[in-house]
Amino acid sequence: MLSRKKTKNEVSKPAEVQGKYVKKETSPLLRNLMPSFIRHGPTIPRRTDLCLPDSSATAFSASGDGVVSRNQSFLRTAIQRTPHEVMRRESHRLSAPSYLVRSLADVPRECGSSQSFLTEVNFAVENGDSGSRYFFSDNFFDGQRRRPLGDRAQEDYRYYEYNHDLFQRMPQSQGRHTSGIGRVTATSLGNLTNHGSEDLPLPPGWSVDWTMRGRKYYIDHNTNTTHWSHPLEREGLPPGWERVESSEFGTYYVDHTNKRAQYRHPCAPSVPRYDQPPPITYQPQQTERNQSLLVPANPYHTAEIPDWLQVYARAPVKYDHILKWELFQLADLDTYQGMLKLLFMKELEQIVKLYEAYRQALLTELENRKQRQQWYAQQHGKTFLS
């Protein structure tokens, strides 16, 4: 289409277009993602020609508490307010989110039933859900032709009642919780989730949540990670594991590497009080050792034991307080403990050797006495026969 240049006078005047403007509902997802500047338009008033208000709007503004009609857009001049009103509006604007109703002064007065409208405003939640859809911003009605207040109130009331009926027909389970952005109920997304994974129980420390777009995911609070699939749904068993379905014991998992079995999935986090005993106990097979195991030599056999430690090992217990053990280093104490064990083993070895020598002496004496008795018996027999 061919466009013609506009003069400065035409540009400065707001365009008055015949017809009725219909507000397009914004998606809740886009409303949460867009900043308040894009949603509600600029808040700085522009210097334009002042439109003469009609008599009905003037009468309505005079009867109210200083609230301006909503069909005046941001193209008007700044409204004169008291300093107290300006401070109150600024505090509300800074403390509340941009999509919530600031105060009772910001609620449009053109609605036919103000009490029912305020009741619906209370449904506005943290994420800007169904309650905020009944609030009309001022900049939407820019350039709209002025009509008597009675006609606008009737049309707005019909529009509000229509949306109110739609909101009542919506299932309550489709709304989001007030505690989070992406937390929704499980009943509203039953057709989007996998019924096979819902039957499986979640391991301890796991929970289910949904994204803003309604996709289900799982949260592992033990490792602070998220996963798209159920932790027990995927059969990605570690190497050496096998899943066994038994009619007697049920379903359990066998670890062929460590020769053990358990009911808990190997990928699930281990909680001692929830772990059940394994149904099968492995009998380890005795394997023949072809090669002898090399044991390292004890370093204390060749170490030189200090004289004071030998004296301490033979001294009575009542003299233990003489040594100041707190002055020794931890590594030195470990070394001296090993040396004391070596002295103890040597003492035991000496005692065993002494007892063994005494036993050998007893056995030798018994053998000698037996031989003597036999010799005396033989000599006595020879004497008696002769």
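Backbone N, Cα and C define each Cβ position, glycine as well.
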From the set Ser63, Ser98, Ser137, Swiss-Prot tags as phosphoserine just Ser137
Checking 285-314, 345-374 against Swiss-Prot, the stretch recorded as coiled coil is 345-374
Model confidence over the domain 'WW 1' (200-233), as mean pLDDT, sits at 82
Under 8 Å Cβ-Cβ from the coiled coil (345-374), and at least six residues away from its ends along the same chain, one finds 313
